[in-house]
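Features as listed in Swiss-Prot:
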type	residues	note
REGION	1-25	region 'Disordered'
BINDING	GLY79, GLU102, ILE103, ASN137, ALA138, LEU157, SER235, GLU236, GLU237	S-adenosyl-L-methionine binding site
ACT_SITE	ASP160	active site
Amino acid sequence: MVATGGQAQDQSQNQEPDVLNPTSAVTGLPQKRYYRQRAHSNPIADHSFDYPARPEDVDWRSMYPSIQQGQQVSFADVGCGYGGFLVTLGEMFPEKLSIGMEIRVKVSDYVVDRIAALRRRSADTGAYQNIACLRTNAMKYLPNYFSKGQLEKMFFLYPDPHFKRAKHKWRIINQALLSEYAYVLRKGGLVYTMTDVEDLHKWIVTHMEEHPLYERLTEEEANADPITPKLYQSSEEGAKVVRNKGDHFLAIFRRL
């Protein structure tokens, strides 16, 4: 039977969602090409965000369905990108809650969809219930989500270098923000930084060493941390640097 024009159009419309389906039929995971966005976002711009007035108002159960009474987020991956390192954290620390914070809407949507797909694929084991992602501006709203001394670890992996001097104030590491990070970090908590830009690395080290509430881990201490090897290529940006045979600059700091 030959389809009429109307029937052919209906069939085409019915097939279109399959063609545009952002989920891979092979892996069951979302495909990045449907979530592409510019590499960086202006953190000073007046983006429209919903954010809690205080940490007590955060509905963590909506992000972590299996959260236990009194359990809190322990790790924050600030600027988590496409979530590669966040997934690694979930696998390495199944008893800890990790949050990814990402300012770009399409990228954060991808991470949310990725986590949902991983949870469906691991329904029999209950894996990946301990990771979540939220779209927010960590440079403005971090204290709205975390209480004093709550976090054990914070990660700043391959942040935007903002090369122009006039934009250095946009860098995620600066003196004012370091005090906010110290507020939400517990004593002894760790800040992990990694970049492939040497100038930014020197900037980070200088500012953190000048701040009275941080001290840099020795090379021996950093190498003994089981997280350190994962910092190089667990994230998508890190893996790209490895593929391009680029340099990595690592610095880890302890909250005093």
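Glycine residues also receive a Cβ, built from the backbone N, Cα and C atoms like all the rest.
What Swiss-Prot annotates, mapped onto the structure for a quick look.
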| residue | record | Cβ contacts under 8 Å, 6 or more apart |
| --- | --- | --- |
| GLY79 | S-adenosyl-L-methionine binding site | MET101, GLU102, ILE103, ALA138, PHE156, LEU157, TYR158, PRO159, ASP160, ILE172 |
| SER235 | S-adenosyl-L-methionine binding site | GLY81, TYR82, GLY84, PHE85, LEU157, TYR158 |
| GLU237 | S-adenosyl-L-methionine binding site | GLY81, LEU157, TYR158 |
